Amino acid sequence: MSFFGLDCTRKKEREVERKIRANDREYNSSFKYATNSIKTSKYNPFTFLPLNLFEQFQRIANAYFLFLLILQVIPAISSLSWFTTVVPLVLVLTVTAAKDAIDDIVREVCCEPPNNRLDRFTGTLTFGTQKYSLDNERVLLRGCTLRNTDWCFGLVLFAGPETKLMQNCGKSTFKRTSIDRLMNILVLFIFGLLALMCIILAVGNGIWENHNTAFSAFLTFWSYIIILNTVVPISLYVSMEVIRLGNSYYINWDRNMYHARTDTPAEARTTTLNEELGQIKYIFSDKTGTLTQNIMTFNKCSINGKSYVDFSFNRLADPKFFFYDHTLVEAIKLELPDAHAFFRLLALCHTVMAEEKKEGDLVYQAQSPDEGALVTAARNFGFVFRSRSPETVTIEEMGIQRSYELLAILDFNNVRKRMSVIVRNPEGKLSLYCKGADTIIYERLHPSCSELMKVTTEHLNEFAGEGLRTLVLAYKDLDEEYFSEWKQRHHESSVALEDREEKLEKLYEEIEKDMMLIGATAIEDKLQDGVAQTIEQLTKAEIKIWVLTGDKQETAENIGYSCNLLREEMNEVFFVAANSPEEAFALESNMELEFLRTACMCRTVICCRVTPLQKAQVVELVKKYKKAVTLAIGDGANDVSMIKAAHIGVGISGQEGMQAVLSSDFSFAQFRFLQRLLLVHGRWSYLRMCKFLRYFFYKNFTFTFVHFWYAFFCGFSAQTVYDEGFITLYNLVYTALPVLGMSLFDQDVNAGWSLEYPQLYVPGQLSQYFSKRAFVMCALHSWYSSLVLFFVPYAATYDTARDDGKDGADYQSFALITQTCLTVTVCLGLDLSYWTVVNHLFVWGSLGMFFILTFTMYTDGLFQLRPSSFAFIGTARNCLNQPNVWLTVALTAILCVLPVAAYRFFYSQISPTINDKVRYKVCQMKEPAPRPRRTRLTRRSTRRSGYAFSHAHGYGDLVTSGRFLRRHAPARSMGLISTGRSPGFKPTGRSAGYSPVGREQNPKQKVEPTSLQMFRAVKDTSF
């Protein structure tokens, strides 16, 4: 177990290799391998109390109060009771411990499956006398799905904390806000100030006393340490925790962050980081499932340039497919060669697996969603991929089942940016079908396609302008004799021991040339709702957004353009890709700073092919060198490491389980809620916390400095200027609620205007509302106010008489007047921008409570009950009935507040802040909220996306090897039927029998050639 950050268990020896026997638990148990139990929480029942107290006493103020408590139990030093410190200290520690325990309990989670190398595994399987090598392709990691089989034999290699997932997750760390870290520095400064004041007063006492000077000064020093301890009151931390808790509930209750479709509200999973949400400078986002829905849809194609089709005629159509264009359906029904060739290619050229558990219920398992979208499109146009074996691909063409012999798959890789299949149709004809990036395919087309290329290019430009992901389709008829000779050379190259890849690439280049262009597809990778608008708003707030994804470069680049991270005016676009840990040199210690400098010069950064651990390394890199507040957002287990590494971790409850949510600090269902979390809740939380700290320090510094001035008039005797009851209740009752109300309800502008003007977020990034400078200004203001609060009442009561002729300048009367002036000034001098009923209740209620308790504690009854504690008998009724006392209170409050009000007025006129400008504009408009605007973000671009598929190289080999394929099921009908329709096939629906010219449609009639057919002569009409 981990105790105070130290490993108390025996150090485990480093494993060189791991041996496991199948079905031999006794043998495997002897090695004491980890179980499948994992721990993501920070505490357990035994370590909670010591660890939590250790963390809490890392706050210097808590350690200070413990030291102060020790001093207060020494009678020779303290003039105050020990309970004035012990009660608030125990309360703070208890409340914080309870909150930390609740936050930690909700993180407890158990899950399954070793080192952090996701790309490599080496092992040997011994079965009988045979040995079989094991590599990464034979290992199932967490999140993998078994396809095309209902069961398999498996052996657990790693479990629990030794799994690759947990090795990549990182450790749960104690996160603290920037304000918390600044507070520790300021508390040290305050301690220095406190020590300086106590030294001055101790020296004064030594001068005042005539005998035993040194010892008297020593005791006086510690006495004033106790009296002036209110310069850092312990109630400060109680109030901060209450404010954070309240602002956390605002997030949980926000209906605008509730996702009705999944019944998922926003949730603040920790209550200690709210104000940090108002200072975010860098956002690190996952792509799949975070920015996108991970849903690809076939949107357009260039056959006729249309976009919608009715599929009611097709019994095997996917009901979730939305693409309706009647003219394209007619082209299919009329058996136009171009249209049939287009969708035949989509049905054959892929690596998709098909499952059909019951008749007509087809389920496609595609390695990439965009490839699945293309096969689904072919299916819905009547070219249905039914099944495959290592040697065949079976499709249903317009109701007729046909089986093609699969002769070769020319697989995709990042250099080729295309894939091809070579098939033999039932009639024995050899064809190569190819799909890929337009720039790659165009270089390999037959010269006769030049005119068609121009038309297709226009279509591609149109598609790209809408942010769609495009592919170009082409084919080539092959000669039997040439292919046999090529096939032999292909086999020789595939088993070559040297330069295998280069030899295969030359063969691919040789056969993939002089192809005929068919057309182009356009796929939409659906973004989540509001992603582009959210990114635009966050960019206006000067927040830099980096995308860290495991996807390939082309996919990430397309999403970058779709969500407006990348724009057409960006002339130079650089991508960082890490296909394996060895290649990620940018994150090495000798290169990381150069990488960061380069990245920070860019407007947008997208890192591709990064592992979960590398995501965390990028976050740590920015934290280390930029000293900026970071936020990481993701939805899957592979995002957990960066969520834990960032200052703020946000989990999206999406399609990839709850791992990210369970490790996060805040969670919700959609990326678009991030703008409200930051620009509204984050900004308000930061603004409120800063106002609270400034005012809390002001009221307590003022309270304490009055003691300092009084020491010069009491012979440095460590006598308090206030009575003991007032000292105890000042922070807990009299001034707590007004400041707390301001910190929970204040708004400079409402939520609507906060979103309308994202620039309001910038001051938080610059720490303008609370910093060392703001703290010094607060201390100077307190110094001035304490002078007014002490010397104005002193001058007003000096050598004065009451209405009845008695002396009005006694100590108790002076103390009461000073207490009243202080309380009134603090309650009425609040810097409130937004008055609510609650604020009024807190302010006037606190003032009323002050006078009620004052009159109560100064009564005869309490004095008789305990004379030592209630010595100010009758002072309230004898003092507060004098008119000059109330004039003194009014004058003091005005003199304290007027300079600040005047300064802010002139400053807002001469050099207004962004808040001043927005608030003035809102007041001028006299509208409670901005009018809703319809923002339609479209990207017009001449740039066409590259090969959009996200699947990895080598998947074609997997298909042709048959390692993970079921045996080909017998066809339900004969597979080698020639042309014609099946007896049961009949077009139905709105488009059946429909003619654009109003005549009855005849499938055999002559049809005018389409614009695409005009540029190409098709020799074989049966193609």
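Using N, Cα and C of the backbone, Cβ positions are placed for all residues, glycine too.
The domain 'P-type ATPase N-terminal' annotation in TrEMBL covers 20-86.
If you look up TrEMBL, you'll see 63-93 (among others) marked as transmembrane segment.
Note on the transmembrane segment (185-208): residues 59-61, 64, 214, 216-218, 220-222, 224-225, 228-229, 231-232, 708, 711-712, 715-717, 772, 775, 779 of its chain, located 6 or more positions outside it, place their CB under 8 angstroms from a CB of the stretch. The transmembrane segment annotation in TrEMBL covers 185-208 (among others).
TrEMBL lists 214-238 (among others) with the feature transmembrane segment.
Under the heading Mg(2+) binding site, TrEMBL lists Asp286, Thr288, Asp635, Asp639.
Look at TrEMBL and you will find Asp286 tagged as active site, 4-aspartylphosphate intermediate. Every protein chain considered, the tally of other Cβ atoms within 10 Å of the Cβ of Asp286 (Mg(2+) binding site) stands at 29.
Annotated ATP binding site per TrEMBL: Asp286, Lys287, Thr288, Glu371, Phe412, Lys435, Arg469, Thr549, Gly550, Asp551, Arg609, Lys615, Asn638, Asp639, in sequence order. The number of other CB atoms found within 10 A of the CB of Gly550 (ATP binding site), across every protein chain shown, is 23.
The domain 'P-type ATPase C-terminal' annotation in TrEMBL covers 661-913.
Annotation comment: TrEMBL describes 692-713 (among others) as transmembrane segment. Non-local neighbours of the transmembrane segment (692-713) in the same chain are 179, 183, 197, 201, 204, 224, 227-228, 230-233, 236, 239-240, 243, 719-721, 730-731, 735, 739-740, 742-743, 769-770, 774-775, 778-779, 781-783, 785-787, 789-791, 794, 818, 822, 825-826, 830-831; each lies 6+ residues outside the stretch with a CB under 8 Å from one of its CB atoms.
Long-range contacts of the transmembrane segment (725-745) within the same chain: residues 80, 84, 88, 230, 233, 235, 239, 242-243, 246-247, 688-689, 691-692, 695-696, 699-700, 703, 819, 823, 826-827, 830-832, 834, 836, 838-839, 841-843, 845-846, 849-850, 853-854, 857, 869-870, each at least 6 residues beyond the stretch ends and with a Cβ under 8 Å from a Cβ of the stretch. Here TrEMBL flags 725-745 (among others) as transmembrane segment.
Remote same-chain residues near the transmembrane segment (774-794) are listed as 186, 189, 193, 690, 694, 697-698, 701-702, 704-706, 708-710, 713, 721, 768, 814, 817-818, 821-822, 825, 888, 891-892, 895-896, 899-900 (criterion: CB distance under 8 Å, separation of at least six residues from the stretch ends). If you look up TrEMBL, you'll see 774-794 (among others) marked as transmembrane segment.
Outside the transmembrane segment (814-834), and at least 6 residues removed from its termini, the chain residues within Cβ reach (under 8 Å) are 691, 694-695, 699, 702-703, 706, 721-723, 726, 730, 734-735, 738-739, 742, 745-748, 785, 789-790, 792-794, 796-797, 843, 846-847, 850, 854, 872, 875-876, 879-880, 885, 888-889, 892-893, 896-897, 900, 919. According to TrEMBL, the feature transmembrane segment maps to 814-834 (among others).
Listed as Cβ neighbours of the transmembrane segment (841-865) (distance under 8 Å, sequence separation of 6 or more from its ends, same chain) are residues 723, 725-726, 729, 733-738, 740-741, 816, 819-820, 823-824, 827-828, 830, 871-877, 880. Annotation source TrEMBL lists transmembrane segment at 841-865 (among others).
Feature annotation from TrEMBL assigns transmembrane segment to 885-907 (among others). A Cβ distance under 8 Å defines the sequence-distant neighbours of the transmembrane segment (885-907), meaning residues of its chain 6+ beyond its ends; these are 781, 784-785, 788-789, 792-793, 796-797, 817, 820-821, 824-825, 828-829, 879.
Under the heading region 'Disordered', TrEMBL lists 976-1009.
Mean model confidence of the domain 'P-type ATPase N-terminal' (20-86) amounts to 68 (pLDDT, 0 to 100 scale). The Cβ neighbour count for Asp639 (Mg(2+) binding site), using a 10 Å radius over every protein chain in view, is 32.
Here Thr288 (Mg(2+) binding site) is compared against the binding-site residues Phe412, Arg469, Gly550, Arg609, Asn638, and the shortest C-alpha distance is to Gly550. Counting in whole angstrom, Asp639 (Mg(2+) binding site) lies 10 from Gly550 (ATP binding site) by their C-alpha atoms.
Minimal Cβ crowding within 10 Å, among the binding-site residues Thr288, Asn638, is found at Thr288. Each of the binding-site residues Arg469, Arg609 was ranked by the number of other C-beta atoms within 10 Å, and first place falls to Arg469. Distance from the CA of Asp286 (Mg(2+) binding site) to the CA of Phe412 (ATP binding site) is 25 Å.
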